[in-house]
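Student: First the structure, which I've put down as structure tokens, then a few questions once you've had a look.
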């Protein structure tokens, strides 16, 4: 079977390499340097399992810039292109997904398109009508950046937004590549599958916001946050997981998915979802005020990335803190080794960690790192448990 992947980010590569253990996979991208890296079996992103799989001889995987080469004779085309949230329209920008669909229908109308990109509720049904085809299925992705392939090898669940034989066939491709056995698999209608993805991420954002608000309360009243969280999480209905305070939820998925869900249901009475978005803003204000209370002349930002093991700093929570501090006229310097630029939002990047530590009066780090232990007295973090 020939499977094509459109988009070579975390979602595309993790799905492609999972399936390439047993089938021929072609990855399509528009960036020549990225395609060249992949054909040299070098990962363009930081992900241990992706890096390992690319080195394996039995992985039937190649990359191309040629959409005709990619789409011709493909049985399935997995669409994993970016759908950034557009604050002007309160909507995901789905233009890249729609462009892929147009190309696939022109080149290989028999191919079944599987949307892995996150899309608004109702998008798949609208695209079937727009392009006059039933060959579009939505299947949400549940993965962590930096552990994308791992999360496909050991998936928590598989959701396919169609109840059909071809949906079961695609689910079998994912199950075949996974190491985990007995994977919970759910077949739903397309719109319900889209809602599952957005509501799942919104719940995670709510949990982050909840423990952050608990931490803000404890900090304000001089209480021990760790003791409170440990006591609260002994209740098995709450559970001792995903409870480490932070600078707010961030990254590529949670901020845009909560806002999209809010926009999707603006005509439906709701309180919780809007409160989650507002709570995240309030948390960033609280953190910035706590840092400014130390009256630093220079604040050092240790890493822009959202979490350890990732090379992605899109919409990371620490950026919101940085912007609030800069707005008060405080100088900000940044240590971020994965960035090639010399500045970020008009703040200087310091590439030497020792010099960075010397120059900063306060170093802010969303998660504590071993290489900051020698200047622990300078570090401001709300990391209590050493986990994401």
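Including glycine, each Cβ sits where the backbone N, Cα and C put it.
Taken from Swiss-Prot, the feature active site, nucleophile applies to 253. Among the features that Swiss-Prot reports, NAD(+) binding site is placed at 2-19, 29, 83, 118, 145, 252, 256, 314. What Swiss-Prot records for 141, 142, 143, 144, 145, 197, 201, 242, 243, 244, 245, 246, 250, 307 is substrate binding site.
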Student: Whose Cβ, among the binding-site residues 6, 14, 118, 201, 243, has more other Cβ atoms within 10 Å than any of the rest?
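Tutor: Counting Cβ neighbours within 10 Å, the top one is 6.
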Student: Near residue 145 (substrate binding site), which of the binding-site residues 2, 18, 118 can be found within 10 Å, Cα to Cα?
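Tutor: For residue 145 (substrate binding site), the binding-site residues whose Cα atoms are within 10 Å come to none.
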Student: What subset of the binding-site residues 143, 201, 243, 245, 250 lies within 10 angstroms of residue 10 (NAD(+) binding site) at the C-alpha level?
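Tutor: Close binding-site residues: 143.
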Student: Please report how many Å separate the Cα atom of residue 243 (substrate binding site) from that of residue 6 (NAD(+) binding site), as a whole number.
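Tutor: So the alpha carbons of residue 243 (substrate binding site) and residue 6 (NAD(+) binding site) sit roughly 35 Å from each other.
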Student: Out of 10, 18, 143, 245, which of the binding-site residues is least crowded by other Cβ atoms within 10 Å?
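Tutor: So among 10, 18, 143, 245, the binding-site residues given, the one with the fewest Cβ atoms within 10 Å is 143.
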Student: When DSSP is mapped onto helix/strand/coil, what comes out for residue 201 (substrate binding site)?
Tutor: helix
Student: CA-CA, which of the binding-site residues 2, 6, 14, 18 lies nearest residue 201 (substrate binding site)?
Tutor: 14
Student: If one measures from the C-alpha of residue 141 (substrate binding site) to the C-alpha of residue 2 (NAD(+) binding site), what distance in angstrom results, rounded to a whole number?
Tutor: 21
Student: When DSSP states are folded down to helix, strand and coil, where does residue 14 (NAD(+) binding site) land?
Tutor: helix
Student: Taking the Cβ of residue 145 (substrate binding site) as the centre, count every other Cβ atom within 10 Å, in any protein chain shown.
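Tutor: Within a 10 Å radius of the Cβ of residue 145 (substrate binding site) lie 23 other Cβ atoms.
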Student: Just jot down the residues in the same chain as residue 2 (NAD(+) binding site), at least 6 apart in sequence, with C-beta under 8 A of its C-beta; none if empty.
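Tutor: 23, 24, 25, 26, 73, 74, 75 - these are the non-local Cβ neighbours of residue 2 (NAD(+) binding site), listed in sequence order.
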Student: Report the nearest neighbour of residue 143 (substrate binding site) in space among the binding-site residues 6, 14, 18, 118, comparing Cα positions.
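Tutor: Going through 6, 14, 18, 118 one by one, the Cα closest to that of residue 143 (substrate binding site) is 14.
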